[in-house]
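Listed features, source TrEMBL:
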{"type": "TRANSMEM", "residues": "A:7-26", "note": "transmembrane segment"}
{"type": "TRANSMEM", "residues": "A:76-98", "note": "transmembrane segment"}
{"type": "TRANSMEM", "residues": "A:110-131", "note": "transmembrane segment"}
{"type": "TRANSMEM", "residues": "A:152-173", "note": "transmembrane segment"}
{"type": "TRANSMEM", "residues": "A:179-198", "note": "transmembrane segment"}
{"type": "TRANSMEM", "residues": "A:227-250", "note": "transmembrane segment"}
{"type": "TRANSMEM", "residues": "A:262-282", "note": "transmembrane segment"}
{"type": "TRANSMEM", "residues": "A:294-316", "note": "transmembrane segment"}
Amino acid sequence: MAVVLDVAVRLAVIVAAFLVLPLIAGQAEHKVMAHMQARLGPMRAGGFHGWAQLIADGVKFAQKEEIVPAAADRRVFALAPAVALIPYLVVLVVVPVGPGLVGVDLDAGLFFVLAVMGIGVLGSIMAGWASGNKYSVLGGIRSAAQLVSYELPLVLAASSVAMAAGTLSLPGIVEAWRWWWLPWQAIGAVVFFTAGLAELRRPPFDMPIAESEIIMGPMTEYTGMRFALFMLAEYAGIIVLSALTTVLFLGGWHGPFLPGPVWTLLKVAVLVFVVIWVRVSYPRLREDQLQRLAWVGLVPLALVQLALTGIVRVLAG
Amino acid sequence: MGLAKGLSVTLRHMLNKSVTQQYPDVRPDLPARSRGVIALVEENCTVCMLCARECPDWCIYIDSHKETLPAPEGGRPRARNVLDRFAIDFSLCMYCGICIEVCPFDALFWSPEFEYADGDIRNLLHEKDRLAAWVQTVPPPPAHEPNAEPPKELAAASRPARPRTTAGPARTVPGGAGTAGTPSAPSEAPASPTPPEATTSTGPSTSPESSTSSGPSTSSEPRRPERRTSTRRADVRAIRPPGALPKNDIPPAGDEPVESPGGRPEDSTPVGSEPAGSPPPGPGSGPAGSGSAGSSLPGAGPAGSGSAGSPPVGSEHGDQPPSPTESSRPERPRRRTSTRFSDVRAIRPPGALPKKDTPPAENLSTEQGGVPPDEGPAEQTSATDQAEESEEEK
């Protein structure tokens, strides 16, 4: 009984975090991006600096008509948002926030995370194919190409950390983490974070949804709650990516003075800010530049990191 | 490096304070001369149509009709334009402000009010009542810089006096008042009427100097621009017509309280001595002197002003059957005496104005000199009425 209760509480907390953190990230993006562009952002909803803007948006989305194009593959079309969103919820289950504060401590946690995150992109591809729209198909194909290109450096960088820690368990990696891993795994961290951004199709890697050429890419035909789920998936992806980067490369709950979970959340928040910051600062990469960055830039760097990790690991014994 | 520079730019912007104006919550701080909307002072409009004709968009619509005022005794009927409709279509207006620039009577003003957007473009055609409502929002004109040249209105006002050869004395009068200071003028004004006599003989040389001081203008300055214009114009117009208008002048006198017949005797007695003594010199002083004296002098004003005013007219027209006209002229000055500004308006529409003149005169007079003018006119009117009645009976 106690075990069941424990699991229920953990799942409830995870679901709550999954619903709240993306909203906070979205609001932060609204305000931070606005101020970086010398604007104020939402100021009216909720009364104080538009804190309820995303709630108002949610209400608006819920009221909108859900349109399914006549040429759409209805079943796939309806399933795609869920496929895009749920993997991030599942990933959160294995992400440790503090010592012992984990949904499930899997032995192959890192492997599980990388596998599940790849499914999230599948939702985008499904949406692009099922919409019966040429822009959606183009966006879906770009998503697929991006997934193929960036999954490789992502996995290589993550495997570098696993090599260093000698375990695939996320809590195990955090416990094995030492401060000098920061410079040691710096290249891997940059590669992992960048490749993760590309997997999320966040600007400046948002070629699949480049609104100036293919409307909204795979989401062109989506309206109402389904579109809202796609947007929620994007922000949930930001949270998951930031959390994974924190756990793998930034030492998770390690930190002076403050309790562990606070350190984890703090690092996640900083990374979310960096995600927004990068989005505001850089223009969108062209499709060929996108592929070039992955194959000519990130993959070799990840391999270098892998070699460096192996050498140090062998020399240090 | 380029990437870091981009990040630093966005970060700097985020840390700087945003300059966004929260408009609906915080009203914008507009300059006083903002071109928000055009306000109409309906009383100043003479339906001259200049604004409508100059408007590049043809977005000003004016309708009017002529009212013929009954001929006063011994006069001819006068026509007067009455404004029926004055509308500006702000869906066409391009806010060039030409109508305001061109308006010779200060009937149009810029107002910074800008919140009159409407859902229907047809509702942007605003009639004169709405335009008049915006007058409340017109800011007062900025003060002239202390050492700046006098505004050209003042220069224009001082000029017309020169043409009058005899104007010298008249100016001296206003000059005296002006030097004394307009607000304080009332007290000094009583003194001024006497100077005209003396000045009439000596005046001409000294007068120009005093005129440069722009006695009338100074007196008017403290008030609003409109009034200034009115006062100056009043002088100006009063000056022109005299040559041709012995007849015209008479009617207005009749139209007005008709004090002239009744008033003259009274005025003439005090003033009469003066004109008789110095009819020739007086001429120019008429309008200006009357104005200054009138504003300044409550009770004594009419007499003094009358004296000053009557002679000038008479002198100008002097050759003609003047003596009667002269006697009649004093009337005019009187009106001014009662109210300078009213004079202007009274002169134009003479047919219809006994009613209008009196109220504005009171208002203006009160603003200018204070209470005295009111008393003066009232006395006059009463006297004049009696005089009229007596004349009619006769």
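For all residues, glycine too, the Cβ spot is worked out from N, Cα and C.
Long-range contacts of the transmembrane segment (A:76-98) within the same chain, counting only residues at least 6 positions beyond its ends with a Cβ under 8 Å from a Cβ of the stretch, are 11, 14-15, 17-18, 68-69, 104-106, 109, 112-113, 116-117, 119-120, 122-124, 126-127, 129-131, 170-171, 174, 218, 221-222, 226-227, 229-230, 232-233, 236-237, 239-240, 243-244, 247, 252-253, 259-261, 264-265. Counting Cβ pairs closer than 8 Å to the transmembrane segment (A:227-250), the top stretch among A:7-26, A:110-131, A:152-173 is A:7-26. Non-local neighbours of the transmembrane segment (A:294-316) in the same chain are 146, 149-150, 152-153, 156-157, 159-161, 163-164, 184-185, 187-188, 190-191, 194-195, 198; each lies 6+ residues outside the stretch with a CB under 8 Å from one of its CB atoms.
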